[in-house]
Amino acid sequence: MSDPFAVCAEEENRPMVEGGPRTMAADHDLEMEDMNLNMDRDMEGELEEEQEMREDGGREAFKSKKVHRVVSKWMLPEKVRRTYLERANCLPPPVFIISVSLAELVVFIYYAVWKPQKQWITLDTGILESPFTYNPEKREQAWRFVSYMLVHAGVQHIVGNLIMQLALGIPLEMVHKGLRVGLVYLAGVIAGSLASSIFDPLKYLVGASGGVYALMGGYFMNVLVNFREMIPALGIVRLLIIILIIGSDMGFALYRRFFVPVDGSPVSFAAHVAGGFAGMSIGYTVFSCFDKALLKDPRFWIAIAAYFACVLFAVFFNIFLSPAN
């Protein structure tokens with residue numbers, strides 16, 4: 001009669017069959033150990049960085065590094081965050097988006113305070129007669145296709161745009177710098193006025209919504225494509241916030257277009273849609289090339305070529321086919 005203890009010993013010493021339950025369990029344990037080691041290394045790295053910052057640069061440098069770490073989690077996928085943190089600085093500061101916002105605020109205050117046009121609450125003749133406003137009867141004044149972004153239809157309009165472009169534009173400019181953010185913003189502004197001249201050719205156009213929606217469109221696509229790497233729980237919150245903001249702003253734009261008082265002038269909302277599409281094409285390409293040379297990315301040139309094709313069509317339409325002629 002065989003000894004049961006000897007049988008158990010033989011079973012333990014017998015080599016495991018590949019793919020058997022003990023092998024799978026061992027592989028699982030190894031994977032868990034690797035994950036724990038990686039997490040431990042990341043935590044140790046962060047603690048070492050914090051200690052070095054405290055020792056070398058003091059409290060202010062530590063706070064700056066912490067701000068950059070938070071910005072990287074919101075603006076970048078995980079694979080390029082370390083690259084950003086290694087070279088992160090505030091030089092140059094986010095001057096583009098701040099300068100544009102200040103310019104829009106100054107123009108609004110001028111028409112609201114120095115021009116008694118009831119601009120605090122609604123659109124009025126002071127704005128419609130402004131040399132900045134896009135006027136379909138004065139399309140030969142080409143600067144109006146850009147300058148309309150400086151003029152707003154009321155307090156709610158400018159406050160909404162300023163909040164959106166500062167809250168999103170400043171961290172984007174911290175990561176991607178002013179040249180890239182400015183390119184996306186102005187692409188949305190120009191796309192907005194040209195789209196309005198085609199799809200709503202007899203209506204005025206005011207506001208920076210084309211540029212704001214371009215920033216939002218680029219960021220939205222970046223979050224959507226890199227959803228798993230940009231903190232899924234917060235990723236859902238970010239998408240919901242963007243959708244909520246777009247819904248409320250579009251509602252206000254539709255009100256100004258279709259439900260304006262009888263003595264007022266309806267304002268086009270086509271810039272919102274066109275700016276969003278500009279952001280989802282050019283903006284996404286620009287914001288996804290953080291650690292790459294933008295001019296060497298073929299996606300950028302494809303997006304630029306498509307954009308300029310649309311611009312040329314819009315120019316041709318305005319010269320030869322527009323009902324406003």
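Cβ atoms here come from the backbone N, Cα and C positions, even for glycine.
Values in this document were obtained by computation on a predicted structure and should not be read as measured data.
According to TrEMBL, the feature transmembrane segment maps to 91-113, 145-170, 182-199, 205-224, 236-255, 267-287, 299-321. The annotation domain 'Peptidase S54 rhomboid' is assigned in TrEMBL to 140-288. If you look up TrEMBL, you'll see Ser209 marked as active site, nucleophile. Residues or ranges marked as active site in TrEMBL: His272.
Minimal Cβ crowding within 10 Å, among the active-site residues Ser209, His272, is found at His272. Secondary structure by DSSP for the domain 'Peptidase S54 rhomboid' (140-288): 117 helix, 3 strand, 29 coil. Away from its own ends, the transmembrane segment (182-199) comes close to residues 96-97, 100, 134, 136, 139, 144-146, 148-149, 165, 169, 205, 208-215, 217-218, 268, 270-279, 282-283, 286-287, 307, 310-311, 314-315, 317-318, 322, 324 of its chain (Cβ-Cβ under 8 Å, at least six residues beyond either end). For the pair Ser209 (active site, nucleophile) and the residue listed as 'active site', the C-alpha distance works out to 6 angstrom. Same-chain residues lying 6 or more positions outside the transmembrane segment (145-170) and placing a CB less than 8 Å from one of its CB atoms are 94, 96-98, 100-101, 103-105, 107-108, 111, 119-123, 127, 130-134, 139, 181, 185-186, 189-190, 193-194, 197, 205-212, 215-216, 219, 245, 248-249, 252, 256, 267. Summarising model confidence by region, the domain 'Peptidase S54 rhomboid' (140-288) averages a pLDDT of 84.
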